[in-house]
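Participant: Below: one structure in C-alpha cells.
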C-alpha cells in the first residue's frame, strides 16, 4: 500500500460507495424504508468485518486450507444462492427496475482503472488488467448504451439485454477466475513474478467481497427477468 498514490484507495473507496448507492437505488422503490436501512446496515457490518480482517493481515496468509481468500467469496455466494432459493426473494427480484440494474455496471469502469493502478504498484499481475486477460471494462463502457438502446421507444429489447447480460457474466467470470489463479496459492497459474496480493489488502478487499457479488447479483436478476417474467409485466425503470 505504501507504493500506491493516495488517489488509488480514494477512487476505490468512492467506487464502493457508488456501488452501494446504485444498489440501494434499485431496491428503494420496491423495499420498505426499514428493510432498506436493514440491508444498508448489514452491508456496512460486512464491510467492517472484512476490512478488519484485511487490516490484520488475515488474507495475506497463503498456506492455509481452505485458502483464506475464499472467505471473501464464499459468504456472498452462499447468500446469493439463499436469496434465489427463497420464493419471497424471487418475487421481489421480479419487480426490480431492469434499466437501473443495467446501470449498476458503470462501476466496472473505475474498478478496472484501480486494477491497472494496482498492477503499476506491483500488487496484481498484468493478466488482471485490460492490458492482459481482463476485458471487463467493456461491460462498464457499454452499460449506458445498452441501458438506452434496450428501452428506446417505450419497448424493451429483450434479445439485446439478454445477450449483453450473458456476455458480461462471461467477462466477470473470466476476471474472477484470473484473479483466483493469480493468487499465491498451490494452484496458481498466472502472475508468478507479480502475484495477486492486492485484493487481500484494505480497502481493495471490498472488490471480491462486495462489488463483484453486487455485479453478479444484478446480472442474475436481469437474466431471470428476461427469461422468466412475462414480457408484459417486466419492470423497466
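Cβ atoms are placed via backbone N, Cα and C, with glycine included.
Copying in the features that TrEMBL gives for the protein in this structure:
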- 6-27: transmembrane segment (TRANSMEM)
- 39-62: transmembrane segment (TRANSMEM)
- 68-85: transmembrane segment (TRANSMEM)
- 106-125: transmembrane segment (TRANSMEM)
- 137-154: transmembrane segment (TRANSMEM)
- 161-185: transmembrane segment (TRANSMEM)
- 197-217: transmembrane segment (TRANSMEM)
Participant: Below 8 angstroms Cβ to Cβ, which residues of this chain, lying six or more residues outside the transmembrane segment (137-154), approach it?
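Facilitator: 98-99, 102-109, 111-112, 130, 160-161, 164, 167-168, 171-172, 236-237.
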Participant: Which of 6-27, 39-62, 68-85, 161-185 has the most Cβ pairs closer than 8 Å to the transmembrane segment (106-125)?
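Facilitator: Ranking 6-27, 39-62, 68-85, 161-185 by Cβ pairs under 8 Å to the transmembrane segment (106-125) puts 6-27 first.
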